[in-house]
Amino acid sequence: MTGLITKAHDTDTPAGIRTLEERRRAWAAGRLIDMSCPLYGALRPEILWRPAAPRNRCSNFGRRLLLLIPAAPTPMVFLPIKWSKPPMPHRQHLRRFLSSATARAAAPIPAWLVPRSSGTSAQSARIRELGRLGRLSEAREVFDAMPFRDIIAWNSMIFAYCNNGMPDAARSLADTISGGNLRTGTILLSGYARAGRVRDARRVFDEMPLRNTVAWNAMVTCYVQNGDITLARRMFDAMPSRDVSSWNTMLTGYCHSRQMVDAKNLFEQMPERNMVSWTVMISGYVLIEQHGKAWDIFRMMHYEGMSPEQPNLVSVLSAISNLGNLNILESIHAFVHKAGFERDVVISTAILNAYTRGVSMLDTAVKFFEGMTERNEYTWSTMIASLSQGGRIDDAVAVYQRDPIKSVPSRTAMLTGLAQCGRINDARILFDQIPEPNIVSWNAMITGYMQNEMVDEAEGLFNRMPFRNTISWAGMIAGYAQNGRSEQALVLLQVLHRNGMLPSLSSLTSTFFACSNIEALETGKQVHSLAVKAGCQFNSYVCNALITMYAKCRNIGFVRQIFDRMTVKDTVSYNSLIAALVQNNMLEEARDTFDNMPSRDVVSWTTIISAYAQADQGNEAAEMFRNMLQVHELPNSPILTILLGIGGNLGASKLGQQIHTVAVKLGMDSGLIVANALISMYFKCGSADSLKVFDSMEEQDIFTWNTIITGYAQHGLGREAIRMYQQMESAGVLPNEVTFVGLLHACSHSGLVDEGRQFFKSMSSDYGLTPLLEHYACMVDLLGRAGDVQGALEFIYDMPIEPDAVIWSALLGACKIHKNVEIGRRAAEKLFSIEPSNAGNYVMLSNIYSSQGMWDEVAKVRKLMKEQGVNKEPGCSWMQIKNRMHSFVTGDEEHEQIQDIHATLRELYTLLKATGYVPDTEFVLHDIDEEQKESSLLYHSEKLAVAYGLLVTPKGMPIQIMKNLRICGDCHAFVKFVSHVTKREIDIRDGNRFHHFRNGNCSCGDFW
């Protein structure tokens, strides 16, 4: 060893190292190696570090022989040293020291004792590969079996733990070697960052004795990943030096947080830009869906002479695919071809992905796919996934069968597509055919089971997994929560925690969702504490989930506390707060929050518009929609569906038509959700356009068929509803419970008793569906309306389940129609005990008594209502004329033209009596003389509306009226006579159904 190590002199001090702190820094930087430690004798004897020149100065410092490695960039060489086998005690000491069991109990190994290289690259690579696959136990076995380990091996194992969501285990391992080197600290910092544990990451950063630009960049990245752009910028500004990666990291933060104005300003200040800088800007604009600006950035880059590279082209192709402009896509395709990138399989796959974004371009995508000269596993999987998502599962299977390799990604894409379209058994067969499924395949199969509500099968597969990663646990917890097994989701989280693992962000958010489902406030608080322990209580995803959970548990105080303490409040946070306020009936506060948002997205508008719709404030919802369009925010399908629902409920056909026009302009009218909402809206508005929409649809789902069957039922068109059901059967669509509710309702309002009985029997015998309370209520209504009141009562007594208020109300309604006092009284008594505050039940019983002249009983009912504090809901009718909604209540004196309306009504009464109309005074609930009864009937809300319609609309124009309650018999007869005398088409939608009056007849056939 001559020339390598010289005997130290006690008086010498290593050059440049004077203080204890300087020695520590030298150790951390790897410049000092302790030669006296027994471990040194166990290092690889073949290789030792040695500087070529100058000669090292050594010193006996603290009874240790130290070798000083120059700090300057002196070339380092390896010299083979021949020396005898290390003494046996040293080898035994090494084995004891590095064994996984003893290492945890022993004192930490100083980082400078760990060799920088010992020829263990194969084992380290194996550890990294196993870590990437999530097979941590096997990785640790490789690590523990190594007879000696260099710093690369230690860092590989630490990285494996961090990469699989176990930063605490990584930290324990790092502490074994006193924190390792600079690379070790950076790995730990990044691991905590990925786990959302910002404070732990910052602690690691602060403890690092030396920090280079990479470490600073990692800390900035930590803040960026966890959404704290303010602290990220503060850290960025404090950096002693920056490289282009530093600028790109900060730029990425602004882009990820959608702060594109700040991103653009920073981009313009950059002293140097590389391809990453341009790519990040393009991706940022894609993220906020400003795809045109993303395309502009790419063009600007091209004009400045920057030649695009593979990542850059992939990003811009993502922007172009969302533009939906085939011409631009074709132009970039031509550019790629001209620049010689077409043979690049990654770029070609990105072009393929762009073509597959739109269902309408799938054929073009297939054509491009067929022309590709080279395909990789992602090309095949992209094509398979796109065809599956586009509903062309058979084509996807055909492509999969042509795949010569059938790689794991292709198989996984195929089984995912099969699971998504309900062919879960085929997906499982394919999964079993994968020779060595990776963890992605296992997770995809579990997700497929969960998507198909096969929770037990997913659980069985999860228990069989040879290895699991954080996604596996998160997928199971989410699956339980989304499939109504929230308690099991909470149990699985406990198992995860007992195994020594802290939950991932996804697991935490799914657990909070599970707590929300069952309103488990106390459990939610405990999981909240676990989130604090994990150091991610300030993560925006966790905070947003907490806001939702506390809102569902009606703890608005905690909601405000969480929101106020958030270090970063993004748009999602504000949206969560608005939804929480809405759920707790705080609409004004929700509107204030909405108005004060720094920025809004389409979800913000959806939430506030939905809130107004749920509060029955349709006009405000429509006004918000107009405001949305004015600020050039494009609506999504849910917003259009909400507004179409408002138009249908109000009978505001003009509003519905306007929304339909917007949907057509945005190309959303052909989507199933919007098309179904259009059918429902037009049916509720009494428009035949519902059938036009249905006929124009390229495909129909079960909701489409149910909507049109229910629509026919609302209009009393029982035969047409049955015909549509038969068409549905012919199309191979299986009915569900909602289908039979619509059919039974249609039969009830059309007097089709035999057909109704057959459908009720068929749902269980032919389709295995168990009748619900709604089906029993329809049967009671069907029998009662047909006059078989006693049979309806016996049907109730024979029911296998306890009848609810809807069933007894249907029987009471039948008794009112057929004037059955005895059964009506029994039904009413049941209703008074079930829902004592429902005024409608008291009114129906009073109607039965008054129709028989039982005024003493009427008085008793009125007295009971007074004692119960029940007030009769006033009848209200409304109609839309010239974009304005006019409403009327019984006995209305407030309308601006009320005197003209009253005069028109009196004229109509005189005219109609001359043609045979006789007021039906049995619907008057007071014991007064006939003249007073006729006078009280004259001013019912629907009669006021009819008179106003005749007064202000052109002769011969149809009149459409909506009413909140069931139309009374006298008003029904009155409108029939009006339609005959005036030759007007009059449509009235009451609380039960539509009545179409034509030439003195009603579509209900007096059966309502």
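Just so you know, glycine gets a Cβ as well, placed from its N, Cα and C.
What TrEMBL lists as domain 'DYW' is 916-1008. Among the features that TrEMBL reports, repeat 'PPR' is placed at 181-215, 243-277, 376-410, 438-468, 469-503, 570-604, 701-735, 736-771.
Applying DSSP to the repeat 'PPR' (469-503) sorts its residues as follows: 26 helix, 0 strand, 9 coil.
Under DSSP, residues within the repeat 'PPR' (701-735) fall into helix, strand and coil as 26 helix, 0 strand, 9 coil.
When Cβ-Cβ distances below 8 Å are used as the criterion, the repeat 'PPR' (570-604) is approached by residues 227, 257-258, 540, 543-544, 547-548, 550-552, 554, 556, 559, 563, 610-612, 614-615, 633-636, 639 of the same chain, each at least six residues removed from its ends. Residue counts for the repeat 'PPR' (181-215) under DSSP (helix as H, G, I; strand as E, B; rest coil) come to 26 helix, 0 strand, 9 coil.
Sorting each residue of the domain 'DYW' (916-1008) by its DSSP state yields 38 helix, 16 strand, 39 coil. Using DSSP to sort the residues of the repeat 'PPR' (736-771) gives these counts of helix, strand and coil: 25 helix, 0 strand, 11 coil. DSSP states for the repeat 'PPR' (376-410), grouped as helix (H, G, I), strand (E, B) and coil, give 26 helix, 0 strand, 9 coil. Taking the repeat 'PPR' (376-410) as a whole, pLDDT averages 88 in the prediction. Under DSSP, residues within the repeat 'PPR' (243-277) fall into helix, strand and coil as 26 helix, 0 strand, 9 coil.
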